[in-house]
């Protein structure tokens with residue numbers, strides 16, 4: 001006899017003492033294998049169909065973030081041609097690059113309210129429309145002023161998109177796969193960044209006046225797929241429950257959960273959480289509670305917003321947006337060679353984010369965060385040494401490229417995707433949309449601050465000095481992960497809420513219980 005978890009991941013209450021060779025658990029009842037092969041096949045077929053449907057929903061929900069990544073990646077190279085064509089200053093370059101993140105905070109703040117009002121799905125559609133309008137304006141902009149108008153609109157659309165996609169996926173995913181599925185938006189961001197870099201390289205041979213316009217215009221095409229996706233994916237079941245559309249929510253959950261028993265259990269938990277949330281919303285505004293949080297909410301805010309801040313202030317957007325500047329400092333002078341080296345950053349980010357999706361629900365959030373933050377700290381400090389002492393020869397250039405690519409690889413395998421996973425899963429239903437919006441605001445504001453100040457700071461203390469600051473901040477992020485970030489792998493959204501309510505001592509007991517379960521020998 002062995003201990004077997006029923007898949008809920010919620011502790012001893014769900015442990016089933018069952019001989020796996022003789023019995024299966026089905027709809028809460030124990031039945032023998034013998035003579036029941038058709039039922040086994042039906043369950044396998046349902047499991048496969050459910051998995052495919054949930055993955056399809058996660059992919060379609062993540063399409064918006066391709067636009068986000070593409071805009072970030074393509075601007076790193078396009079800015080070289082924009083500066084030459086429109087004759088803009090270095091300060092204007094910083095404003096143009098950084099304002100995207102700053103303006104996205106307005107979209108993120110509005111996204112929480114919009115997603116509660118019109119639903120998660122149609123908020124994603126609205127985000128795509130706003131972003132594409134901005135992208136069209138940028139592609140035909142005759143001046144810096146018009147270019148800024150398009151950039152502002154694109155930033156607002158990004159703000160809506162980056163906060164709503166992880167929330168939607170977390171709410172529609174089964175507990176066992178929520179971590180990997182909620183990583184999809186970050187995967188698509190990285191894929192978009194890679195496409196942006198490739199577009200830079202592919203169109204760099206065009207005349208200066210047309211090259212950057214074509215680069216920006218290519219980002220408009222994904223909108224066709226986003227429009228199609230809105231007619232495929234369902235609404236979030238948790239939002240449907242909050243609208244008292246119980247049967248609609250049940251229909252969605254039947255498609256996204258393998259067991260009907262699990263559907264009813266989860267639906268009951270969501271209804272209970274929604275009733276509590278609706279009653280409390282009537283008594284006190286959510287935003288006012290978040291400004292004066294109770295102890296459990298305070299712990300959630302520290303974990304969620306803290307990880308969002310550290311994701312950006314460790315310098316990832318400076319690396320992505322100013323890759324050519326970093327490699328020029330390392331010794332690469334040719335413009336085409338600069339863009340080719342930058343493509344390596346995109347490949348590193350994309351490959352390792354794909355690795356992260358396979359590890360996040362197996363290894364857990366916290367171990368990957370340790371690997372990520374420690375690795376980034378090492379690479380950033382190594383880059384400082386390389387830029388200071390390696391010179392501008394082939395060896396120094398190779399080391400700089402290797403360290404930059406390693407830094408983004410460590411980012412992508414941990415803090416990059418897990419930042420959004422944690423923010424979407426640690427907050428209760430009542431606060432989830434607004435808290436995700438607040439986390440996205442913290443992320444985008446810190447990103448904008450880094451992007452808008454990098455060139456000026458690098459001019460004042462050198463590129464190496466700037467990355468030394470990033471390495472120190474990255475070291476602090478290791479301590480933050482250790483102290484403030486809990487492990488949420490295998491827990492339902494409602495169980496995570498209870499974990500924060502119980503506090504640190506309860507969290508430690510949960511870890512000890514998990515460790516003892518791993519020691520039990522299974523037959």
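Heads up, the Cβ atoms here are built off N, Cα and C, so glycines get one too.
No curator has checked TrEMBL annotations; they are predicted automatically.
The annotation transmembrane segment is assigned in TrEMBL to 53-83 (among others). Sequence-distant contacts of the transmembrane segment (53-83), counting only residues of its own chain at least 6 positions beyond either end whose CB sits under 8 Å from a CB of the stretch, comprise 93, 96-97, 100, 124, 127-128, 131-132, 135, 147, 154, 157-158, 161-162, 164-165, 168-169, 172-174, 177, 181-182, 184-197, 199-201, 204, 208, 211-212, 215-216, 218-219, 222-223, 225-226, 229, 232-234, 255-256, 317, 320-324, 335, 338-339, 342, 346.
Under the heading domain 'Major facilitator superfamily (MFS) profile', TrEMBL lists 57-489.
Through the fold, the transmembrane segment (95-112) approaches residues 71-72, 75, 79, 82, 88, 123, 127, 130, 144, 147-148, 151-152, 154-164, 317, 321-322, 433-438, 440-441, 444-445, 447-453 of its own chain, all at least 6 residues removed from its boundaries and within a Cβ separation under 8 Å. Per TrEMBL, the feature transmembrane segment maps to 95-112 (among others).
The transmembrane segment feature in TrEMBL is assigned to 124-146 (among others). Among residues of the same chain six or more beyond the transmembrane segment (124-146), those with a C-beta under 8 A of the stretch's C-beta atoms are 61, 63-64, 67-68, 71, 86, 88, 92, 96, 107, 111, 114, 118, 152-161, 164-165, 168, 213, 216-217, 219-220, 223, 226-227, 230.
Residues or ranges marked as transmembrane segment by TrEMBL: 152-169 (among others).
Annotated transmembrane segment per TrEMBL: 181-198 (among others), in sequence order.
According to TrEMBL, the transmembrane segment annotation covers 210-233 (among others).
Positions annotated as transmembrane segment by TrEMBL: 339-360 (among others).
According to TrEMBL, the transmembrane segment annotation covers 367-389 (among others).
Within its own chain, the transmembrane segment (395-423) is flanked in space by residues 162, 166, 170, 178-179, 182-183, 185-187, 190, 303-304, 307-308, 310-311, 314, 316, 319-320, 323, 326-327, 330-332, 341, 344-345, 347-353, 355-357, 359-360, 365, 368-373, 375-376, 379-380, 382-383, 386-387, 435-436, 439-440, 443, 477, 485, 488, which lie at least six positions past its ends and keep a Cβ under 8 Å from the stretch. TrEMBL lists 395-423 (among others) with the feature transmembrane segment.
What TrEMBL records for 461-485 (among others) is transmembrane segment.
Packing against the transmembrane segment (210-233) from elsewhere in the chain are residues 56-57, 60-61, 63-64, 66-67, 70-71, 74, 77-79, 81-82, 85, 121-122, 124-125, 128-129, 132, 135-136, 138-140, 195-196, 199-200, 203-204: each is 6 or more residues past its ends and has a CB under 8 Å from a CB in it. Across the candidate stretches 152-169, 181-198, 339-360, 367-389, the maximum count of CB pairs under 8 A to the transmembrane segment (461-485) is reached by 367-389.
Long-range Cβ contacts of the transmembrane segment (367-389) within its own chain (Cβ-Cβ under 8 Å, at least 6 residues beyond either end) map to 307, 310, 314-315, 329-330, 356, 359-360, 396, 399-400, 403-404, 406-407, 409-411, 413-416, 418, 462-465, 467-468, 470-471, 474-475, 477-478, 481-482, 485. Residues 73, 76-77, 179-180, 183-184, 186-187, 190-191, 193-198, 200-201, 204, 319-320, 323-324, 327, 332, 368, 401, 404-406, 408-414, 416-418, 421, 489 of the same chain, all 6+ positions outside the transmembrane segment (339-360), place their C-beta atoms under 8 angstroms from a C-beta of that stretch.
The average pLDDT computed over the domain 'Major facilitator superfamily (MFS) profile' (57-489) stands at 84.
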